[in-house]
Amino acid sequence: MSKFRSLADIRRDYGELQLSEESAENDPISQFKLWFDDVLLNEKNDPTAMVLSTVDEKGYPDSRVVLLKGLENGNFIFYTNYQSAKAMQIQKNPYAALNFYWPQMARQVRVRGRVKKISSEQSDAYFSSRPIKSQFSAIVSPQSQEILDRISLEDALNQLIEEYGQKPVVRPENWGGYMIIPDEIEFWQGRDNRLHDRIHYYRHGHEWTHRRLAP
């Protein structure tokens, strides 16, 4: 007998948390901040982790986990190499989706919107706040390109550290931040018996409107 359970039999109860139209905030950013405060208290691992989805020139979707590094003026901010695969896809198709999933609270937030680079000043400020070895890694890594092996990458990192010594590290031009300007945000609260709560916010002109969706 296989020691693995059937995938179809894997399930769990989601608990008693709920999301109603009456309790939902009028705008999704306020609702996100409310939930995120709860998440910081209850989620043990990577509460800022989010799946970023983009589309390449052939229409193929790509997804990867990145970290939320800011929520400014209602925009979701992350950082990356501007020559990475995700950056090339954003350049050709400046729209993306985010998916936050917090299993301890059975909560999910989906975001869809436009993508823009943030200012150089913002990227400089964040880059200088990173641990020094993370700064060097951003310089030495040709992200998404083929490399010979890990040892050559580590050798390049060590050489760069030796060359810089105590000098301040300057952010490379090919590294910085993006903001996702949301047009839609959906909040999902897992409920027992699979009758989940879904509240969907969408822009209506300059205002936000929300509605309940069937699970």
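Sequential numbering from 1, following the chain as shown.
Every residue gets a Cβ built from N, Cα and C, even glycine.
These come from Swiss-Prot:
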- Arg11, Arg12, Asp13, Tyr14, Lys69, Tyr126, Arg130, Ser134, Arg194, Leu195, His196: substrate binding site (BINDING)
- Arg64, Val65, Val66, Leu67, Leu68, Lys69, Tyr79, Thr80, Lys86, Gln108, Gln143, Ser144, Trp188, Arg198: FMN binding site (BINDING)
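DSSP assigns Arg194 (substrate binding site) to a helix in the three-state reduction. Across the fold, the C-alpha of Arg11 (substrate binding site) and the C-alpha of Gln143 (FMN binding site) stand 37 Å from each other. Less than 8 angstroms from the CB of Asp13 (substrate binding site) sit Asp192, each of them six or more residues away in the same chain. The two recorded residues Leu68 (FMN binding site) and Arg130 (substrate binding site) have their Cα atoms spaced 14 Å from each other. When the binding-site residues Arg64, Tyr79, Lys86, Trp188 are ranked by how far their Cα is from the Cα of Arg194 (substrate binding site), Trp188 comes first. The binding-site residues listed here are Arg64, Lys69, Lys86, Arg130, Arg194; among them, Lys86 has the most other Cβ atoms within 10 Å of its own Cβ.
Taking Lys69, Arg130, His196 as the binding-site residues under consideration, the smallest Cα distance to Tyr79 (FMN binding site) is found for Lys69. For the pair His196 (substrate binding site) and Arg64 (FMN binding site), the C-alpha distance works out to 26 angstrom. Look at Arg64 (FMN binding site): DSSP puts it in a strand. When the C-alpha distances from Lys69 (substrate binding site) to the binding-site residues Lys86, Gln143, Trp188 are tabulated, the minimum falls on Lys86.
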